[in-house]
């Protein structure tokens, strides 16, 4: 029996080699779909009619909140001047991105969370892929795409969608791929990295809650169970100083750690490096400085993960599987490329070139040394 890596590699290579013919075969095999891949203008119009007016208002207000939060992250230049010389960074948006929207449960919020910071960054071209169900794309996903000005939506799922975006099969290839998926999608993203950029390899959802005796036990339990709803591989931890709360939340799927004090709770949280960390204590702000590893920190009883997932305006694309030790939340800057900018004055060049000349000598780079020495 083939392992996941080999199985995905063979599909990717087949699509890269045979192009559309192979892509259509896999679409029929996995999605039972044999029609045109690109969503037509008529399908966008039909989808808009299918979304109730009340839901349209919910989506639009949610998107406004997301836009307000993410717009504050934008920056296009960071410069400083020293001795007449100019140094800094300029930021340029990625030219073309692909967004994978999972199809198991339609996730219009995924498209909002990725599409809005992309637009704020100035990304010019966005292609969306999502698995069709009965030959159609979820109308809520199409409505969000329309609001974002995205005209390219493709009925493609799984490894085939990643191959299409990375190799330019049935569409122009993208520069970077965003969006969560199952283990096949994750493995495909891992294998095409280097040909294109990727955001991250999203795993099962996670929540850790630090809570003390002041926490409402029903709030805490509801929050822990909310993340287990994502699937059987989801993880939930309760880190608490309260024996009563520990006993109340001891349910299947929840790992309870009874700690001596809140400092130990914070220490355990850093070891877990959870995707979401709620702190529901009498003074939650006092623990923030102790937290080093978490995708997001939500303070107090009225900042549950589902609120962040849907309406707070913060981004819910977060590192999982302990990746919060070395990566963080999706931001506008993930859609931009920092480029070094420098213009050095003659005065500063002549004052400091001796440093470069000596380093070039140490490294045996004579032509480098000469490039510095020749200037007068």
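Counting begins at 1 with the first residue displayed.
Cβ from N, Cα, C; glycine included.
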Among 175, 289, 309, 334 - the residue Swiss-Prot places in the same Zn(2+) site as 227, 230, 368: 309
Given that Swiss-Prot annotates 205, 227, 230, 309, 363, 368 as binding substrate, state which candidate in 70, 276 belongs to that site as well. 276
Whole-number answer please: how many Å between the C-alpha atoms of residue 205 (substrate binding site) and residue 275 (active site, proton acceptor)? 7
Name, in the order they occur in the sequence, the residues of the same chain whose CB lies under 8 A from the CB of residue 227 (substrate binding site) and which sit 6 or more residues away. 205, 206, 207, 234, 235, 236, 276, 305
Any same-chain residues 6+ apart from residue 275 (active site, proton acceptor) with CB under 8 Å of its CB? Would you list them in sequence order, or say none? 205, 206, 207, 294, 295, 296, 318, 319, 320, 324
Counting Cβ atoms within 10 Å of each Cβ, the densest environment among the binding-site residues 309, 363 belongs to 309
Would you mind reading off the Cα separation of residue 309 (substrate binding site) from residue 182 (NAD(+) binding site), to the nearest angstrom? 19
